[in-house]
Structures are given as C-alpha cells and as structure tokens.
Amino acid sequence: MLLIKNGRVVDPKSGLDTQADVLVDGKKVVKIAENIEAGDAQVIDATGLVVAPGLVDIHVHFREPGQTHKEDIHTGALAAAAGGFTTVVMMANTNPTISDKETLEEVLTSAAKENIHVKSVATITKNFDGENITDFKGLLEAGAVGFSDDGIPLTNAGIVKKAMELAKENNTFISLHEEDPDLNGILGFNENIAKKEFHICGATGVAEYSMIARDVMIAYDTQAHVHIQHLSKAESVKVVEFAQKLGAQVTAEVAPQHFSKTEDLLLSKGANAKMNPPLRLESDRQAVIEGLKSGVISVIATDHAPHHADEKNVADVTKAPSGMTGLETSLSLGLTYLVEAGHLSLTELLKVMTSNPSDLYGFDAGYLAENGPADLVIFADKEKRQVTADFKSKAANSPFVGEELTGSVKYTICDGEIVYQA
C-alpha cells in the first residue's frame, strides 16, 4: 500500500480540490479522505504539493521501430514518467510505419514492458502513401487506439472522406496533421520570419487553416469525429470553432510550444526551435490560449519529437529536421504560461492534460477518485526550476533548455507503483 499524506488533491473530472490523503492499494485508489491511517503503507509526504491524476499525452513520437538513434519506447516512457505522464499515445510515422497488424503487435509488445501505459495509433493510409486506407477493423482488434498519418498531411480529399466514414463505422476517429504542401515553402519556419530573416519562403498560415477548413467540413458532412492535431494559427481556432458551432464532431489540440513561444525563438535557439507547424506570431499565441480558455481547443499534447544532436546541429538550419522533445517540460510550460500568467486555473490546466485527452480515446485514466486507477502525479506547482539538457529522453532538442520555468514533478505513480521520483 501507498499512502500520500497532506497533499492538495485536485481532480478536474469531479471538480475536487481539497487538502486530503490518498490511499493506494494495488492498482487502485481505495480512499481519499483527511487523516487516513495505514500503518503498513509506504508514506509519501505531499505537504505543499499537488496530487493529481497522471497526465495523458495523446501525441508522442517514440521512433520505434527504425529510428531508435533518436528515441525508443523505453527512453520515451522514462521521459514521460519524468514529466508526470502515465498514459501516452504514440504516432505511427516509424520505419516501417505502423500500417499492418504485425508491426503494431511488435510495437505493443515492446510497449507492454514499460511501467507506464504506452498506446499507439496506426496509420490512416498504408505506409503514408495517401491513397490506400489501412485495415481499420483489423488494426483496432490488434490494439490500435486510433488512426493518424501525423507527420504529413492527407492531400486527397476523397481519401479523407473515406477514412472518416470508415472510422465512424468502427466507432473511432482519425487525427489529422494539417499543412497543405502546395501552399507551403520550407517547413519549420513561419512565413514572416522566413522572409525577413532567412530570405526563404516558409510555412504559411493558409496552408494550415485552409486544410483544416476542408476537413472539418468533410467531418460535418459525414458526421464523423475528426481530431485536429497541433493547430497553431488564430484562423485555425476560428475555423474549428465555426465547425463546432455548426454541429461537426471536431476536437483540437495545441502543443505547449505554440502557447508559450513565437517565431523569434528561432533567432536564439536555431534548429531546436524548428518544428512543424512552426512557432507563429504573438497574435497566434494569444489566440490558441483563448481557444483553450473557451474550450474550442480541449487538449494539450506535446508532439514530443526527439532528434539526435547531430541531425539538429547542421550548418544550414533549413536542413535540420523539425521537432522538439516535449514530455519533460510540458507541465511546467502550462504552469508558467497558462496558470501563472492568469489564463487558466490549475484545475482547468489539468483538465486539458488529463481527463479531456483520456475521454477522447475512452481510456480509464485521467481522473482521481476512489476505486479509480492508481495513476498519479505529485508536483510542486509554484517551484521554480532551471531546465537543463539532462533529460530522461535520448534527445535534448528542446528550445527551453536554460529557461527558468514554474513547476516541478516530484513523483509519478502508475498502477500503484512509483515510476519516477525526483
């Protein structure tokens, strides 16, 4: 048994926010009350700390199989636990892609060895070809939790419509990466700074929001659920809001970097600030925050995208791969740029990092209640910390290294076991 004493217990699902003890027995929370006595239990003193449901990240890249010089499922799971996450969903842009049952089963066999819950989507189209839809029914039966060709957009609207219809038939949904290649220049650089500082054609806003507009209207027509990944533009928030008001089943996520920073970070952090979609303008940053406040955006997801240092440290920054590690800074970025900045309450932040993403997939996770799962994070919500490159992830390609952020994870507990301790 594990007894967590004197913490601020916060459960966004029920609205609970109180000083209490939490008793864990096996894989379940068995009691939440004041002054619990359990003589034989291991005790964690959570005085001055927040006790919350384990965080849920529905968008991570663990690079296995085929790119394990960047990350693997084990190091990705360690990074997740260090960030307070007890459930993550891996994307399928591996090598080979997760397009068939054999590859999926191989990945899930690896994932089952980890001490957090590591789940995976499968691809929408075979090997990301954009034309041939995978066996949704068979892949779901083999353990896929959803479908995404994240990393590249689906340019064929007819395929998008067929995929939505097939997802609806199978009681699931597709998640979409929205950047129209015909409207984009060099990825990873917002169009403004690309032109002004790098003298290139960069990633345009219209490439994102025009593709979102197409897909949310196809979702409206099919009445299928579609999830928009890592939106970054003010207009994208408006398009999603329009579709939601129209009655379309559209949900959306934002990555911490897009509510925290703008394109200017490229000038000081170089390739580590290069990502798809790129960091945008201050007006866009404010707009995605407003989207979180209004509920148009219901999920924060890291898009954890580790790369080897040699890949990022190239002379020509335009040749560097896009992406950043995100699992070990996500909670702190939310506490710093959303809670401390006065945009969201602590409960509101936790909702978009726990119960909302969990509910999207129907996981038994993301809440803290008696008889519920013993997946917890214990953290200091006001403690300042300096981000260092000493990550549990294999990679350190984070533009936040060197920055002082608020919030520090002290313990992560999954299935009743301590899987991370600071």
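Backbone N, Cα and C define each Cβ position, glycine as well.
Feature annotations, reproduced from TrEMBL:
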- D303: active site (ACT_SITE)
- H59, H61, D150, D303: Zn(2+) 1 binding site (BINDING)
- H61, F62, R63, N93, N276, H307: substrate binding site (BINDING)
- D150, H177, H230: Zn(2+) 2 binding site (BINDING)
- 50-419: domain 'Amidohydrolase-related' (DOMAIN)
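One residue stands out among the recorded positions D150, D303 for having the most other Cβ atoms within 10 Å of its Cβ: D303. It is 5 Å from the Cα atom of H59 (Zn(2+) 1 binding site) to that of the residue listed as 'active site'. Take the Cα of F62 (substrate binding site) and measure to each of the recorded positions D150, H230, D303: the nearest one is D303. In this structure, the C-alpha atom of R63 (substrate binding site) lies 19 angstrom from that of H230 (Zn(2+) 2 binding site). A 10 Å radius around the C-alpha of N93 (substrate binding site) takes in none of the recorded positions listed as H177, H230, D303.
Around the Cβ of N276 (substrate binding site), a 10 Å sphere holds 22 further Cβ atoms from the protein chains shown.
Remark: H307 (substrate binding site) has K70, A320, P321, G323, A395, N397 as non-local neighbours, by Cβ distance under 8 Å and separation of at least 6 in sequence. In this structure the alpha carbons, written CA, of D303 (active site) and H61 (Zn(2+) 1 binding site) are 7 Å apart. Under DSSP, H59 (Zn(2+) 1 binding site) is assigned to a strand (E or B) in the three-state scheme. Across the structure, H61 (Zn(2+) 1 binding site) and H230 (Zn(2+) 2 binding site) place their CA atoms 14 angstrom apart. The predicted model assigns the domain 'Amidohydrolase-related' (50-419) a mean pLDDT of 98. When the Cα atoms are compared, H177 (Zn(2+) 2 binding site) and N276 (substrate binding site) turn out to be 9 Å apart.
Highlighted in sequence order, H59, M91, S148, G151, S175, L176, E178, Q229, N276, D303 have their Cβ within 8 Å of the centre of the Cβ atoms of D150, H177, H230, the residues recorded for Zn(2+) 2, and are not part of that set.
The secondary structure of N93 (substrate binding site), as reduced to three states from DSSP, is coil rather than helix or strand.
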